[in-house]
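Undergrad: I grabbed these lines from Swiss-Prot:
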- H11: active site, proton acceptor (ACT_SITE)
- H114: active site, proton donor (ACT_SITE)
- K6, R9, K41, F42, T43, N44, T45, R82: substrate binding site (BINDING)
- C26-C81: disulfide bond (DISULFID)
- C40-C92: disulfide bond (DISULFID)
- C58-C107: disulfide bond (DISULFID)
Amino acid sequence: ETRYEKFLRQHVDYPRTAAPDTRTYCNQMMQRRGMTSPVCKFTNTFVHASAASITTICGPGGAPAGGNLRDSTASFALTTCRLQGGSQRPPCNYNGGTSTQRIRIACDGGLPVHYDRAI
């Protein structure tokens, strides 16, 4: 798995997978995308946009933010999943929140390889 492929697996869900609520969405998606074993990842953000549109941040759709980080000029629909309780041992139970924000990512060779944060 390349760094780009890992970015896609962990952070891109487009179109957004249907779920009755954000809690169910997060519990399903975190498990489905391999972020609940061997330990539960504390927090993770899914971007509901195409890989192509996110990749533009590495070029004309983004501005330098220091090092290999770039800030998107556009806003994206996001779902952020946060682990409930202190234990990182499965079963993992997540709560989720949705927002529309600009994002900061790291690029390598013109491709997104790391999600830094919403800005």
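Glycine too: its Cβ is placed from the backbone N, Cα and C atoms.
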Undergrad: Counting distance between Cα atoms, which of the binding-site residues K6, K41, T43 is nearest the residue listed as 'active site, proton donor'?
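TA: Closest by Cα distance to the residue listed as 'active site, proton donor' among the binding-site residues K6, K41, T43: K6.
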Undergrad: Quick check for you: of the recorded positions H11, C81, C92, C107, which have their Cα within 10 Å of the Cα of T43 (substrate binding site)?
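TA: The recorded positions close to T43 (substrate binding site) (Cα within 10 Å), listed in sequence order, are C81.
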Undergrad: Please state whether DSSP places C40 (disulfide bond) in a helix, a strand or coil.
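TA: C40 (disulfide bond) sits in coil per DSSP, no helix or strand.
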Undergrad: For F42 (substrate binding site), find which of the recorded positions H11, C26, C58, C81, C107 come within 10 Å, Cα to Cα.
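TA: Matched recorded positions: C81, sequence order.
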Undergrad: In Å, rounded, how far does the Cα of C40 (disulfide bond) sit from the Cα of R82 (substrate binding site)?
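TA: Cα-Cα, rounded: 10 Å.
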Undergrad: Compute all pairwise C-alpha distances among K6, R9, K41, F42, T43, N44, T45, R82, the residues listed as binding substrate, and give the largest one in whole angstrom.
TA: 19
Undergrad: Starting from the Cα of N44 (substrate binding site), work out which of the disulfide-bonded residues (C58, C92, C107) are within 10 Å.
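TA: Close disulfide-bonded residues: none.
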Undergrad: Which of the three DSSP states, helix, strand or coil, fits C92 (disulfide bond)?
TA: coil
Undergrad: Please identify which of C40, C58, C81, C107 has the densest Cβ environment, defined as other Cβ atoms within 10 Å, among these disulfide-bonded residues.
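TA: Top count of Cβ atoms within 10 Å goes to C81.
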Undergrad: Which residues of the same chain, at least 6 positions away in sequence, have a Cβ lying under 8 Å from the Cβ of R82 (substrate binding site)?
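TA: Looking at Cβ-Cβ distances below 8 Å from R82 (substrate binding site), excluding near sequence neighbours, one finds C26, F42, T43, Y94, N95, G96, G97.
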